[in-house]
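Novice: Mind having a look at this structure? Questions to follow.
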Amino acid sequence: MKRRNADCSKLRRPLKRNRITEGIYGSTFLYLKFLVVWALVLLADFVLEFRFEYLWPFWLFIRSVYDSFRYQGLAFSVFFVCVAFTSNIICLLFIPIQWLFFAASTYVWVQYVWHTERGVCLPTVSLWILFVYIEAAIRFKDLKNFHVDLCRPFAAHCIGYPVVTLGFGFKSYVSYKMRLRKQKEVQKENEFYMQLLQQALPPEQQMLQKQEKEAEEAAKGLPDMDSSILIHHNGGIPANKKLSTTLPEIEYREKGKEKDKDAKKHNLGINNNNILQPVDSKIQEIEYMENHINSKRLNNDLVGSTENLLKEDSCTASSKNYKNASGVVNSSPRSHSATNGSIPSSSSKNEKKQKCTSKGPSAHKDLMENCIPNNQLSKPDALVRLEQDIKKLKADLQASRQVEQELRSQISALSSTERGIRSEMGQLRQENELLQNKLHNAVQMKQKDKQNISQLEKKLKAEQEARSFVEKQLMEEKKRKKLEEATAARAVAFAAASRGECTETLRSRIRELEAEGKKLTMDMKVKEEQIRELELKVQELRKYKENEKDTEVLMSALSAMQDKTQHLENSLSAETRIKLDLFSALGDAKRQLEIAQGQILQKDQEIKDLKQKIAEVMAVMPSITYSAATSPLSPVSPHYSSKFVETSPSGLDPNASVYQPLKK
């Protein structure tokens, strides 16, 4: 045991390595390498529009799955994959896209720099600040240049997989703490039983033990090591409480450090050994409980044997019951656990006890057989106590078997739940694909609606321009009408002087008004066709409104179109009113023309009467005077005659009060 302590101290010496003596060149080269790798990955991300740093956690996940399948079996590897996949789905669904990409990239680069040999120092902190600043200031906003749908599952894996590994690490840490607590409890019990064993030894052997301890302390100068090497059975049990760690704990910590180093080299902080299979851990705990119970039973038997040996020393008559003289328990603390009292049993009760204890572990069966002295035949209390211990051990074994059965049932339940989760995940994937297709179709419909709205806006602008042009024409027509009215008034004023010129001007004016009326009717037809087209478009928009309830923009566009159509209808009604006024003016002009023609006919009739009277007078007058009188009058023709009167009948009623257009 002395050599073991020396070897352990020698093994721990190389672990205390001084980092100050490391060269500056190596550290600067290391961080320069980090910067070069980071710059190359960012360049590849920008050129190929894909974030390659997300592939590193995926590669770690594949390695951890392979290690779990290799060392812990298929069931645990499948369970680990399902848990990781569930965590990835949760991160994918509930974390926004920008924050998901930011957290994933930041975590990858921080973890990459964290797992260095120097640990936390100024260069690592500066690199962390640089990475976080670049991710938050530049890459957090520029997500348009990347394939978001392709990178998003990998980003979710970068967050979900570390969460799963941290959960398994926390579980292993809690189990480790519980194991240490159990070891401390067992250590206290062993200390108590060791004190009982020491008190059961004869005083001479206690004096020898003290002398040996003093010699060891004087030789090595180790006053703190009292009785850490007394018993080799249940781990070293220190008598002095100053010794905080025993040899198994030191070896466990050294193994933990070696595992941490291997994890830093290979998995960069993700230790697969921390992911323990729950069934194996439960079986180990059951074995540990059985060993603890057997060790407790062995200690009780040893205590009973030492009491019997003390009685044997006090009573010489009871030495006949022993068949073997070597039944004295060795008093040296180093060889106590190696040499058990070889005292064979000689009665049927001990044989029954051996049959009952043969169901337990085979390693402790021989110890139980050898530790029962023969003078217990005369002690029924000890036998009763041993029988009670056997019953307790059987009950403990049954409880451990029940726990094992419960664990197996839990394993089957977990496998069934895993299958259900897989089926649910398939359904969720199908639903997600359907929703993505619907979203794509909705986006396409929205783009088409935008195009239709833009086209309608262009058409509305064209209609507004046409409307302004028509309004200008109407203003010009009004001006022309006023001018025509003024000219008509002037023509009426000069009608008495120039009857023939008035009729010609009136005819030309009538022709112009009819041409204008035809133009206006054509314009009205064109406007009516446009109104019909607009009404059809409005109906289409209403149908689209019924189909698409969420398109508020189209509703506003429809309302605007309705307002514009109403405005156009109002303008068209005003135009029709103007046309009616023009037709009424035309009727008035025709009536005036008919009246003028009637007056002309009356004048012609009067001229005829006058001519007849002149003829009668000339007939009465003498021929000389007649010839003289008629010679200058023969070439003269009346100015107003019936030849100039238009004989075409008019379709207008001169007695009509108000002009009424014909209904179509």
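Quick reminder: no glycine exception, Cβ is built from N, Cα and C everywhere.
Grabbed the feature section from Swiss-Prot, which reads as follows:
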type	residues	note
COMPBIAS	253-265	compositional bias 'Basic and acidic residues'
COMPBIAS	320-348	compositional bias 'Polar residues'
CARBOHYD	N324	N-linked glycosylation site
CARBOHYD	N340	N-linked glycosylation site
CARBOHYD	N452	N-linked glycosylation site
CARBOHYD	N655	N-linked glycosylation site
REGION	253-274	region 'Disordered'
REGION	320-375	region 'Disordered'
REGION	630-664	region 'Disordered'
TRANSMEM	28-48	transmembrane segment
TRANSMEM	75-95	transmembrane segment
TRANSMEM	120-140	transmembrane segment
TRANSMEM	154-174	transmembrane segment
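Are these features on the surface or tucked inside, and what are their neighbours?
Specialist: The Cβ of N452 (N-linked glycosylation site) has 16 other Cβ atoms within 10 Å, all protein chains considered.
Beyond its flanks by at least six residues, the transmembrane segment (75-95) meets 61, 64-65, 68-69, 103, 152-153, 156-157, 159-161, 163-164, 275, 277, 279, 411, 414-415, 418, 421-422, 425, 428 of its own chain at Cβ-Cβ distances under 8 Å.
Packing against the transmembrane segment (154-174) from elsewhere in the chain are residues 51, 54-55, 57-58, 60-61, 64, 80, 83-84, 87-92, 95, 100-101, 103-105, 107-108, 111, 270-271, 274-276: each is 6 or more residues past its ends and has a CB under 8 Å from a CB in it.
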